[in-house]
Amino acid sequence: MALDTIDIGVLVAIGIISLTYFTKGKLWSKGTLADPFSSENTNLINSNGSDGSDLVEKLKSSNHKAVVIYGSQTGTAEDYASKFAKEFQSKFKISTLLVDIEDYELNNLNEIPRDVLIFFFMATYGEGEFTDSAAEFGEYLESELSETFDDDDGDESEKLLSNLNYSVFGLGNSTYEFYNEVGNKVNKILSKNGAKLVAPYGQGDDGQGSMDEDYLAWKENCFESLKNSLSLVEHDSTYQPSVSIIPTSGDFDISKVFLGEPDKFYLNENEDSDSLSLGPFDHTHPYLAPVSFSKQLFSKDSNRHCVHAEFDLSKSNLRYSTGDHLALWPSNPDQEVLNFYKAFDLSKEKLEKPFDIKPLDSTTIISFPTPTTMEALVRYHLEITGSVSRQFLKSISIFAPNEESRSKANLLSSNKEEFSNEITSNKLNISDTLLKISNNVAWTKVPFEFLIESIQHIQPRYYSISSSSLSEKKIAHITAVVEEETTAVKNVVGVATNLLLNVEVNQNKLKNEDSLVKPLVTYDLNGPRNKFQDFKLPIHIRRSTFKLPVKPGTPIILVGPGTGVAPMRGFVRERVQQFKNGVKVGKILLFYGCRNSNEDFLYKEEWAEYKNVLGDLFEMVTAFSREDANKKVYVQNRMEEYSSKINEYISEAGYIYVCGDASRMARDVQNTFIKIIIKERKFNEVIATEMIRNFKTNNKYQEDVW
Ligand code: FAD
């Protein structure tokens, strides 16, 4: 077969790749820091330089001798960075600055004082990308600092970053192709530019579920290295709050207290009414969107649930484009809130007493609005349902209600296997764990400050929008499978999806039989001061790069098993609307898979309607994994059957889209495409693999996986 333009592109790419070279690790050599760590100031600062602050200036004008910088997308990197900063400061008595990477200009790292240690906590997002917050830093590294790569033989002291003493902990997921790409890149580029790695580079793997253990192992290693190479002196770790809680006085105006309102605009609605409809809406300010319609998508016989919800944006100027993500700000379910109250003996009086939270330094950020109450924090701001870490248990053990509980907590937190057997494998959360350890005695000695600082703050959950902005401009649909499991010891629930299920069940209570569904947990759907009444939920839209080709005539292959079909539905609806508008659209080949055609076939009736409009331009291929007891069929199997047709699409410059489960499906599907190319084009594996990689680089193979 003759080489087409795509094949030539692949060969060129392979040629270029073969010119890349390997890095040389450069370990920091002992004793080059000049007596840096004398500070007695132990206030941990979560620093906000959102005025475009210069980190170098900040360091010169303060006495911080360590900076912990995080680039976080979903809050995990932030959480680990914050824990690390606290422990590092407390252990070594070194004043530490905690920095969200988006708050500072970091393009003058070469001017960071030599006596400052920099720790990066960098998450990798999507296809090996920097998080939104770290995008600018990524550009700086890749453009300005990468240029100095060739200068590899020069004197270390002359290199651009020879002043910088750093370490990196990368957070990634090994089921993705570009595992910890960002952590690797930061480490590699800094090192190439002469920066000194003062403690080993570390990686945490979400894909193997070992993030916590990876972090703990790296942290121990890091502390040991710092003690050995920099002669840092270790002190007994004591808890030092970075915030202080100030109870409000008796005559305080309660209307000024946040009871769960997402931000100030929702408290002062009359003064700021424009902000509630005009935005801008983002991760700092959500739109309170009415769920105008919802329904369940799995059949009534299924013991699982999937919710289709439509968010009405018409009373706001919030807009999306097809393929974007909707971010939903969840709250905690009643049952988990009560369990938390029990674990810490939070009486009504303690819960309702308003307080302000003051940073112990003027640059500290409080990430939720204040003044507030503990009741509001537990329901709306603290992530109380998820798994608990050994690190958390270790730090809270000093506040155990009695000696026996303290030693049990210490024992468990220092023994990986026992912790895994007793806590992790039973899916216990914070409250479950503490109550189990103490035999149901409440942990009354734990300060509020500790809870506020140590428990991760609730982050929005993302959903691939399943509608098209062309056919439904002012309504965004999502398709969410409900996370629910009943184990021998408890109900394990996902907070956002069970909230959606509650909305659906209550919204349709009077209408249909869905009301027979009894969710495992319930919620306060009315929200603070009834502001969420009539099924409103706080949301914002996150722009995505998962986009249809610019030319509507381009053929597309869509692979979206399970809820991975969500954005594919949006794409098909978009083309249906374009077709109706007289646009010449390209053909669509959709691969969809689920367990059973009668149980969990998402939008089963709709696909025929699309076919009616698009005719031969739309072909849907289904795979049912549990329909035939003798044979499990997945989308990859069906793709192989369509090998020749897939090759035809590719030859016609078609685009490929894959959405859904990141752990196995995305990789299996990619391997299937490689197999198909090998078979149809008689290429070897290296070339076929490079061809797919090349597609990805050129956005002709796009993934939206989670
Ligand atoms: P969480 O509260 O986040 O819980 C996560 C999991 O942990 C659940 O399985 C829960 O049961 C379990 N769990 C709870 N407590 C514990 C415990 N103590 N120990 C161990 N495990 C526990 N999902 C969709 O359904 N449709 C989509 O279209 C979609 N699109 C996405 C797009 C993007 C870009 C991303 C990043 C994700 C997407 N997701 C989608 C996933 C979605 O964001 C949520 O992660 C998912 O819905 C679960 O959210 P939750 O709040 O219900 O669960």
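Placed from the backbone N, Cα and C atoms, the Cβ positions cover glycine too.
Caution: TrEMBL annotation is automatic and unverified by curators.
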Given that TrEMBL records Arg461, Tyr462, Tyr463, Ser464, Thr479, Ala480, Val481, Gly494, Val495, Ala496, Thr497 as binding FAD, the matching residue among Trp607, Trp706 is Trp706
Close-lying binding-site residues around ligand 1 among Ala123, Asn173, Gln636, where CB distance stays under 6 Å = none
Three-state secondary structure, which DSSP defines for Val481 (FAD binding site) | strand
Could you tell me which of these binding-site residues, Tyr176, Tyr179, Tyr463, Tyr634, has the greatest number of Cβ atoms within 10 Å of its own Cβ?
-> Tyr463
In whole Å, the longest Cα-Cα distance within the recorded NADP(+) binders Arg304, Thr563, Ser625, Arg626, Lys632, Val633, Tyr634, Val635, Gln636, Asp668 is 25
Gln636 (NADP(+) binding site) in three-state DSSP notation | helix
Could you please provide the mean pLDDT value for the domain 'Flavodoxin-like' (66-223)?
-> 89
Using C-alpha positions only, work out which of the binding-site residues Arg304, Ser625, Lys632, Gln636 is nearest to Val481 (FAD binding site).
-> Arg304
Arg461 (FAD binding site) in three-state DSSP notation = strand
Work through the binding-site residues one by one (Tyr463, Thr479, Val495) and name whichever has its CA nearest to the CA of Tyr634 (NADP(+) binding site).
-> Thr479
